[in-house]
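Notes to accompany the following structure.
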Amino acid sequence: MAALVALHGVVRRPLLRGLLQEVRCLERSYASKPTLNEVVIVSAIRTPIGSFLGSLASQPATKLGTAAIQGAIEKAGIPKEEVKEVYMGNVIQGGEGQAPTRQATLGAGLPISTPCTTVNKVCASGMKAIMMASQSLMCGHQDVMVAGGMESMSNVPYVMSRGATPYGGVKLEDLIVKDGLTDVYNKIHMGNCAENTAKKMNISRQEQDTYALSSYTRSKEAWDAGKFASEITPITISVKGKPDVVVKEDEEYKRVDFSKVPKLKTVFQKENGTITAANASTLNDGAAALVLMTAEAAQRLNVKPLARIAAFADAAVDPIDFPLAPAYAVPKVLKYAGLKKEDIAMWEVNEAFSVVVLANIKMLEIDPQKVNIHGGAVSLGHPIGMSGARIVVHMAHALKPGEFGLASICNGGGGASALLIEKL
């Protein structure tokens, strides 16, 4: 080592110079342990959720994303120039044009120099965008970021295969089904996977219907009590020759007839099936965004955080068992955070299907009264690229100071993401 020290400043031969740099790097890595920055949520905003071909159908995902990003930055009270990078989840991108997150970001008036990335982890996309942004902030690559998710299922196109047009016409495929809702490994719909879970976990049609009705009831009560007011940014829609229409409330939860729910036919499995249009989530439009930053940046910008990112994790299982995947991600998060199930004040388990929540409550042995307390995707709607971010947004507002909330969401292919926050 003394000989190497003596060479400092006088080494000209490339081999020795490279060796010296390697030794310096080794010295530094052994001498110091890197510390991660604390990441906080400064604002958390979402658009209302529109029904399929409903109130927001005229707005592409990128426009909804623009509204969410703009709303989150305004709520944070920081200059747009402070946002160093943007990640947004978006699943079915066909027909949206290049780089959807870039479109949403520039539409929100952020500087042209802002890097943008679109994340696709199917239904977990919005949550994964938050996790990836948190990692960048923790490591010090950036100090202020926006992350969230967006989807307009009303605007997803039909496609046809390229090539010569065959005799007899062409077959159009619905990209909602092909790219969003089909298990490519077993070549079955997500709903058939959910039916498999219902059978495996012994969860009846009646249990699922009861849960679905509870979701609708909780959503209505939450809206009536103003539980969503602080997280919504209204969407103004221009209508030719008519006054502008302002959408400021979720559309889906009002569209239910409780008396018809038990009478509906099953959708995916005709004989001995359990899943219906009522106890599954719907196709929807919406976007959500959060302003994330390091605790140091929050201090520098003199902003008060809503919550801190405490831990997060992904998990994966057999693709057909995707509804059960959250039950494997959640224990990882609790372990990383050093917490027990009993420490969690509020759980969000995305309601892709009612059976998903019922199965995960059963596997995790958690209190149903603490799960999706203000309803979920069955009643509010499930814009697939948005939902993972939406449940984090809601927790950031619904928790009380000092409480922990844990959100989890399954995704096609057998995956899940889970994220823990602490309200500040």
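Glycine too: its Cβ is placed from the backbone N, Cα and C atoms.
The transit peptide annotation in Swiss-Prot covers 1-30 and is backed by similarity to another entry.
The N6-acetyllysine annotation in Swiss-Prot covers K63 (among others), and the record cites a large-scale study or a structure entry as its basis. Counting Cβ atoms from all protein chains shown, K63 (N6-acetyllysine) has 21 others lying within 10 Å of its own Cβ.
The N6-succinyllysine annotation in Swiss-Prot covers K63 (among others).
Look at Swiss-Prot and you will find K75 (among others) tagged as N6-succinyllysine, backed by a large-scale study or a structure entry. Within the same chain, residues at least 6 positions away in sequence whose Cβ sits under 8 Å from that of K75 (N6-succinyllysine) are S43, A44, I45, T233, V291. DSSP assigns K75 (N6-succinyllysine) to a helical segment in the three-state reduction.
Packing around C123 (active site, acyl-thioester intermediate) is summarised by its Cβ count: 33 other Cβ atoms lie within 10 angstroms of its Cβ, all protein chains included. Under the heading active site, acyl-thioester intermediate, Swiss-Prot lists C123.
K171 (N6-acetyllysine) counts 10 other C-beta atoms within 10 Å of its own C-beta, drawing on all protein chains shown. Look at K171 (N6-acetyllysine): DSSP puts it in coil. Summarising the annotation, Swiss-Prot assigns N6-acetyllysine to K171 (among others).
Swiss-Prot lists K171 (among others) with the feature N6-succinyllysine, giving a large-scale study or a structure entry as the kind of evidence.
The annotation N6-succinyllysine is assigned in Swiss-Prot to K178 (among others) on the grounds of a large-scale study or a structure entry. Note: K178 (N6-succinyllysine) has non-local neighbours V159, i.e. same-chain residues 6+ apart with C-beta under 8 A of its own C-beta. Mapped onto three states, the DSSP output places K178 (N6-succinyllysine) in helix.
A C-beta separation below 8 Å, combined with a sequence spacing of at least six in one chain, links K187 (N6-acetyllysine) to none of the other residues. The feature N6-acetyllysine is assigned by Swiss-Prot to K187 (among others), with a large-scale study or a structure entry given as support.
Annotation source Swiss-Prot lists N6-succinyllysine at K187 (among others).
The Cβ of K199 (N6-acetyllysine) has no same-chain neighbour under 8 Å that is 6 or more residues away in sequence. In the three-state DSSP assignment, the secondary structure recorded for K199 (N6-acetyllysine) is helix. Residues or ranges marked as N6-acetyllysine in Swiss-Prot (evidence: a large-scale study or a structure entry): K199 (among others).
The N6-succinyllysine annotation in Swiss-Prot covers K199 (among others).
The phosphoserine annotation in Swiss-Prot covers S204. Secondary structure at S204 (phosphoserine), as computed by DSSP, is coil. A 10 Å cutoff on Cβ-Cβ distances gives S204 (phosphoserine) a total of 12 other Cβ atoms nearby, all chains included.
Under the DSSP three-state reduction, Y216 (CoA binding site) is assigned to helix. Neighbours of Y216 (CoA binding site), defined as other CB atoms within 10 A of its CB across all chains, total 21. For Y216, R255, V256, D257, K260, S281, the entry in Swiss-Prot reads CoA binding site, with the evidence type similarity to another entry.
For Y216, A277, A278, A280, V378, the entry in Swiss-Prot reads K(+) binding site.
Within its own chain, K220 (N6-acetyllysine) has Y253, K254, G375, S379 as residues 6 or more apart in sequence whose C-beta sits under 8 angstroms from its own. For K220 (among others), the entry in Swiss-Prot reads N6-acetyllysine, with the evidence type a large-scale study or a structure entry.
Close to K265 (N6-succinyllysine), meaning Cα to Cα within 10 A, are the following recorded positions out of C123, D257, A277, A280, S281, H382: A277. The C-beta environment of K227 (N6-acetyllysine), restricted to residues of the same chain at least 6 apart in sequence and closer than 8 Å, consists of H374, A398. Annotation note: C123 (active site, acyl-thioester intermediate) sits in a strand segment as assigned by DSSP. If you take the Cα of A278 (K(+) binding site) and the Cα of V256 (CoA binding site), they are about 8 angstrom apart, rounded to a whole number. The Cβ neighbour count for S281 (CoA binding site), using a 10 Å radius and every protein chain shown, is 27.
DSSP assigns C410 (active site, proton donor/acceptor) to a strand segment in the three-state reduction. In space, V378 is the closest of the recorded positions K263, K270, A280, V378, H382 to R255 (CoA binding site), judged by Cα positions.
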